Amino acid sequence: MSFSKAQTEAVTHGKGPCLVLAGPGSGKTLTIVNRMKYLIEELKVRPEEILVITFTKYAAAEMKNRFIQLMGNKSLPVTVGTFHGIYYGILKWAYRFGPQNILSEEEKYQLIRHVVNHQEIEIFDEEDFLQEIATEIGKIKNNRLDIEEYRSVKCDPAAFCNIYREYENERKRVRKIDFDDMLVLCCELFQSREDILRMWQEKFQYILIDEFQDINQVQYDVIKMLAAPQNNLFAVGDDDQSIYGFRGADAKLMFQFQKDFPDAKQILLDINYRSTSNIVENALKVIANNELRFEKAIHANKERGASLHVQEVRDPVEEAEYVLDEIQSRIEAGGKPEDIAVLFRIHTDARPLVEGMMERKIPFQMREHMPNVYNHFIAKDIRTYFKMALGSRERQEFLQIMNRPKRYIGRDSLSGKTVAFEDLRRFYCDKDWMLDRVDQFEWDLKMLVKMAPYAAIQYLRKRIGYDDFLREYAKERKVKINDLFEVLAELEEASRPFATLEEWFTHVEEYTNALKLREKKREEIRDGVRLMTMHAAKGLEFDTVYIIEANEGQVPYKKALKEQGVEEERRLFYVAMTRAKEVLKIIYVKNKNGKETSPSRFVDELFLV
Ligand SMILES: Nc1ncnc2c1ncn2[C@@H]1O[C@H](COP(=O)(O)OP(=O)(O)OP(=O)(O)O)[C@@H](O)[C@H]1O
């Protein structure tokens, strides 16, 4: 493999700051590992003086491996790690921190849950809420924001302030630090102890950073201190692939680098070695619509290759079938499942596909957690209605749905572990209006049992009045009714293929168990088609890539638009497109959850001349 002129220039850069702007597939890793070699062999830098920072442990391990290979299987004492890993190492050394001082992610959630439960806030989806709160806490720390001035997007600002303070107090009380504290504490340590800072500055003479576009304020502040005074700082990044704004990453820091180091050398790695020129040109067409970016003229090294294919399908069920058929024929033709990836914006977009993969027994791997829609409270209500329609009379089940919608049935009317409609009628014998309601309830259950699940859910929504219940529920708990209707519509759509309630139950149970099993073995599964979010695909490459649900609302994801704006969503779409080496297919649906939906604006941008 021979280096391009720009790659050579980057590898052989001498002292002082250098910003390497790199397009996708332009060989960033290759450049970094070769520069490490160059520093050691040509500039006679001691390996101990080299620090390489990546964003994930996975990337760090990959980088180290490639370096060892390049050095002829010799392991040299260079330091390669993540920001968190490196900064934690410094804290460990300074404060004798150990694992007992680290708040694991699980402990962190427990702590947040504990704190939240002490506030008087109505929560409709606890898992979702806690996650959002954790993200906001991280954002404050990573951007070094003032809690007094921070406006929470998830809950009342005063309540959030309390949650944050309580969380911090509790954390300190148990003498633990969370992931983000590692960065903040390291920054404070360097600011307050010049002697310690000097020692680390002397240790790391050359600093190389990969994926520089994902750096956040506190990481940047620390690295600037650490690199001084020589500023042998070699930063490689692609502002177009900055996709962690929601976690505090700030691509503007790449522009800041130029201001902070005006004499920095700038190099552009402008050749894409990964993808066919068709893929590269189309991806550039999309990203060109972003305003905040370094203009780069990127060229593909490969031939034109297959044309980019955009496929319109009726709905997510047809979409899953389309992709599954394609994948099956690729595998039958000798393609390796691991070389195929299906990318989506949010996990829930993948449900029909996951169900189909399981059914057709196509091997697949999914590293991220996939939430199970059947665990949602709406799904649980539907299940209970169906169970009762099939004859179950458990008190617990009755309690769950007897007032969804409101029937004004009181708990005091129930006695024993099971419930009989006759007993209810006896209890309400002197209240005609209640007798009517009890009769109607029983009648509705009799109607449900005769229907296919799809019709039964519609009957539940419109005739029984479950939609009205949800409207009231949303109003009382101040949650968005449309979010609830979306879940309901998804469940309705997913029930379409089943002829009877029993069939539906079997499917839900099998799917739930299979998903649970996968969750347990998530880390062990290494083979099969790769299913992942666009975020998780960062840094990876596959022969064939399918991007599904390329629809407005999904990508750009409507919930993310408000926070990060359309440009970050466009970058995400660009990252997804540029993962493909040979074949890229983008699919959008015409109809989702019973509503017409339009293709993503990014798909439209592909067709603009
Ligand atoms: N000079 C070169 N000649 C041939 N192939 C190259 C060259 N440089 C890089 N490549 C190949 O191009 C592909 C992309 O390289 P790499 O994964 O390092 O890109 P990257 O810049 O990290 O991409 P991204 O930012 O999109 O994740 C790899 O398969 C790599 O081996």
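Keep in mind that glycine also has a Cβ here, set from the backbone N, Cα and C atoms.
The following features are taken from TrEMBL:
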DOMAIN    1-276  domain 'UvrD-like helicase ATP-binding'
BINDING   ALA22, GLY23, PRO24, GLY25, SER26, GLY27, LYS28, THR29  ATP binding site
DOMAIN    277-539  domain 'UvrD-like helicase C-terminal'
Residues flanking the ATP site, with Cβ no more than 8 Å from the Cβ centroid of ALA22, GLY23, PRO24, GLY25, SER26, GLY27, LYS28, THR29 and excluding those residues themselves: THR31, ASP238, LEU269, ASN272, TYR273, ARG274
Site with most surrounding Cβ atoms, counting all protein chains shown within 10 Å, from the binding-site residues ALA22, PRO24, LYS28: ALA22
Local Cβ density at GLY23 (ATP binding site) - other Cβ atoms counted within 10 Å: 27
PLDDT averaged over every residue in the domain 'UvrD-like helicase ATP-binding' (1-276): 89
Neighbouring C-beta atoms (10 Å sphere around the C-beta of GLY25 (ATP binding site)): 24
Lowest local Cβ density among SER26, THR29, which the record lists as binding-site residues, within 10 Å: THR29
C-beta crowding around GLY27 (ATP binding site), within 10 angstroms: 22
Assigned conformation of THR29 (ATP binding site) - DSSP reduced to three states: helix
